[in-house]
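Participant: Below: one structure in structure tokens.
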Amino acid sequence: MYVYVSKLTYVILYRSPKIKEECESEALKSDAEGDPEAKDGGEGALEAKMSLMNGITVIVGSIIGSGIFVSPTGVLKYTGSVNASLLVWVASGVFSMVGAYCYAELGTMIRLSGADYAYIMETFGPFAAFIRLWIECMIVRPCSQAIVALTFSVYVLKPIFPECDPPEDATRLLAACCILLLTFVNCWSVRAATRVQDWFTYAKLLALFIIIAAGIYQLCRGEVQHFTFEGTTNDVTSIALSFYSGLFAYNGWNYLNFIIEELKDPVRNLPRAIAISCTLVTVVYTFTNVAFYTTLSPTEVLGSAAVAVTFAERLFGWFALSIPLFVAASTFGAVNGVLLTSSRLFYAGAAQGQMPEMLTMVSSRATPAAAVLAVALLSLVYLTVSDIYALINYVGFATWLSIGAAVLCLPVLRYTRPNLERPIKVNLFFPVIYIICTILVVAFPAFASPAETGVGCLMILTAVPVYLLLLHPRTRIKCLGSITNVATLLVQKLTLSARPKIKKEVLLKEAALSGNDALVKNVTAKKIILSESKKSEKSKVNDQEKVSKPKTRPVEKRKKRQKTQLDDTKLMLKLMKKK
């Protein structure tokens, strides 16, 4: 331990500034020479290590969290009948598939981390993208992670406190430990993070398959008395709210697009992963709800805070104690999925210059350690908020607004950028239908609860002064550069990370993709300047070599010439003697 601390102190105090200089100088050399050994994004950048199966488990693991174990109550409450609630579950799955289908074209066309943030940036510009980035990074993602971590804590502690609710302090402490553990895993290795995602996805699917198997057994026994349309509501607002609850359980279908730069062969694997995972989740969710209603009445479902636990207590006896642990495993995997993808959103925002530069730093283990730590820190801060659930409700509609705006990018880019390469081309009927449905899903709950919607809009508008003070070229504060430079160096020392090298071909490709002529000119100028500096360095070296060579004196030249003539004369005399 002492040796490790000593080495770490040496690197932080003495070696890190040199590391930074070496990395930056190597990056310039890479840009000038093309660096044929560098990978797609350049040496030190995020590496493509995720297979198709890893992509499927990221989506499935991110979707299946606590929603399926909690949301059946909300869907049934607003629909009024079992059969209508099942239709909402199926329709929510189909709705998510349509959105994922649209994201497949966007993801294969704009292969940049950040998903809808990157698509909005390319289509509508930096201001609209920053509003999306601000709300998602500052509120939605860390709040969601804190809520899922709290759910994990409740289910872990439930067997220990069977007769009462677990203590609040213990719940928050365990949630903090969960976040810190997964932060270490994500900083350590992308491969380790994806393995955690794989295994906990298998665990949650096992729990749901056990519930489905029990439901099939109940159906074979003829337990179908609860499957009716009796009591179905006709209120459009209530139906929209039921979709709100159902879609909450499907949230996460777009998470693979956030880490597309780390997916192997994204053109082939992204649409496959989306299609397989969304279909699997829709089938599992529908049959899980069918299984619940074979045993529990609508009244029991409405009165239960955790439907899966109530279902297990009715059927499994002593084995019901395992269900809270399976739910805890499900939420643990969901926390890992949120952390894995959210850190890439921070990374993408920093790469575009809309977040601090320190978040672009990649560690020696090819992980965005600074971005991971930023997400974890914000999540820990939100664990201290007393009414965190109300906070996420205020801006929950912003998520669907941003997803709708991202899907709107598809027809807009078809019109403004028709020459972009599109490995997958979606029929425009699908994005149009998706945008209309998104507007309806957002509008009706907004009219039903205008106070919460107003507070959410005010929270979204906080992005405007931040953008003007920190990012807009005319109004931003000028002295922030020196402060951020000091903070960047400090974070670089603490995380032992550096800015990745970017190949000039990648820079030119991204600049051309953005359609910004000024950016293309800047990158091209940088390329020319680097090549000219390289030529000037070579000319300097040649001049130094010429200067360093010793000059031959005239006397030495004359002696050498005389010696050569003398040797020739001796050779001629020998030949004459022989004759």
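Cβ atoms here come from the backbone N, Cα and C positions, even for glycine.
Pulled from TrEMBL, these are the listed features:
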| type | residues | note |
| --- | --- | --- |
| COMPBIAS | 534-548 | compositional bias 'Basic and acidic residues' |
| COMPBIAS | 549-563 | compositional bias 'Basic residues' |
| REGION | 534-579 | region 'Disordered' |
| TRANSMEM | 52-70 | transmembrane segment |
| TRANSMEM | 82-104 | transmembrane segment |
| TRANSMEM | 173-190 | transmembrane segment |
| TRANSMEM | 202-219 | transmembrane segment |
| TRANSMEM | 239-260 | transmembrane segment |
| TRANSMEM | 272-296 | transmembrane segment |
| TRANSMEM | 316-341 | transmembrane segment |
| TRANSMEM | 362-385 | transmembrane segment |
| TRANSMEM | 391-416 | transmembrane segment |
| TRANSMEM | 428-447 | transmembrane segment |
| TRANSMEM | 453-471 | transmembrane segment |
Participant: Take the C-beta pairs under 8 A between the transmembrane segment (316-341) and each of 173-190, 272-296, 391-416, 428-447. Which stretch has the highest count?
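Facilitator: Selected stretch: 173-190, with the most Cβ pairs under 8 Å.
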Participant: Select the range from 239-260, 362-385, 391-416, 428-447 that forms the most Cβ-Cβ pairs under 8 Å with the transmembrane segment (52-70).
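Facilitator: Per the Cβ under 8 Å count, 239-260.
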Participant: Any residues 6+ beyond the ends of the transmembrane segment (362-385) with a Cβ under 8 Å from its own?
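Facilitator: The answer is 44-47, 49, 137-138, 141-143, 145-146, 149-150, 172, 175-176, 179-180, 183, 186-190, 339, 342-344, 346-347, 350, 391, 491, 495-500.
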Participant: Take the transmembrane segment (173-190) and find every residue of the same chain, 6 or more past its ends, with a Cβ under 8 Å from one of its Cβ atoms.
Facilitator: 46-47, 49-50, 145-146, 149-150, 152-153, 156-157, 196, 262, 332, 335-336, 339-340, 343, 363, 365-367, 369, 372-373, 376, 379-380, 383, 495
Participant: What residues elsewhere in the chain lie close to the transmembrane segment (272-296), defined as a C-beta under 8 angstroms and at least 6 residues from its ends?
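Facilitator: Cβ under 8 Å, 6 or more out: 52, 55-56, 58-60, 63-64, 68, 72, 82, 85-86, 89-90, 93-94, 96-97, 100-101, 103-104, 205, 208-209, 211-212, 214-216, 218-219, 223-224, 226-227, 249-250, 253, 256, 263, 304, 307-308, 310-311, 314-315.
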Participant: Grab the same-chain neighbours of the transmembrane segment (391-416) for me: Cβ-Cβ under 8 Å, and only residues 6 or more beyond its ends, written as numbers and ranges.
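Facilitator: For the transmembrane segment (391-416), the far contacts come to 99, 102-103, 105-106, 109, 115-116, 119-120, 122-124, 128, 132, 135-136, 139-140, 143-144, 147, 247-248, 251, 254, 382, 385, 426, 428, 431-432, 434-435, 438-439, 441-442, 445-446, 452-453, 455-456, 459-460.
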Participant: Using a Cβ distance cut-off of under 8 Å, indicate which of 202-219, 239-260, 428-447 has the most pairs with the transmembrane segment (82-104).
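Facilitator: Against the transmembrane segment (82-104), the leading stretch is 239-260.
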